[in-house]
Amino acid sequence: MEGGGMLGIALVGYVYALEKAGIRFLRLGGTSAGSINALLMAAAGPRDEASTDWIIRQLANKNFYDFVDGDIDAKRFIADLFARAKTRLGNGPGAWLRNRVDLAKLGPAACK
C-alpha cells in the first residue's frame, strides 16, 4: 500500500470493498500511510478474516488533528487558517451543501 497522508484513509475504503468481495491479503506491506494501514490490518486479527470493520471503528474515534506536526504555535496557525477559510466561504461549505440538498428535495421549480 502506498503513502500519501489522507490517501491512507482512502485505502481503507478500497480494502473494505475488496474484503466485502471475499478477497483477503496474505502478505502486507506499505510506505508511510500505507504502512500504518498494513500494521492495522495485521493487528486486526487472523488474515483469513476481514479487518477493515475494526480499522474503520478505530479511525472513527481518532482525532486527526493529533497528526499535525509542530508545536502549539504551529497547530494554532493551522487552526486559524482553517477558521479563516471557513469564514471566506460564508457560513462554511456545510451550509452551502445543505442548501443544495434542500433545493434538490424541493425539485427543479425551487431552483429558479
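Keep in mind that glycine also has a Cβ here, set from the backbone N, Cα and C atoms.
If you check TrEMBL, you get these features:
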| type | residues | note |
| --- | --- | --- |
| DOMAIN | 1-112 | domain 'PNPLA' |
| MOTIF | 3-8 | motif 'GXGXXG' |
| MOTIF | 30-34 | motif 'GXSXG' |
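According to DSSP, the secondary structure content of the motif 'GXGXXG' (3-8) in residues is 2 helix, 0 strand, 4 coil.
The average pLDDT computed over the motif 'GXSXG' (30-34) stands at 85.
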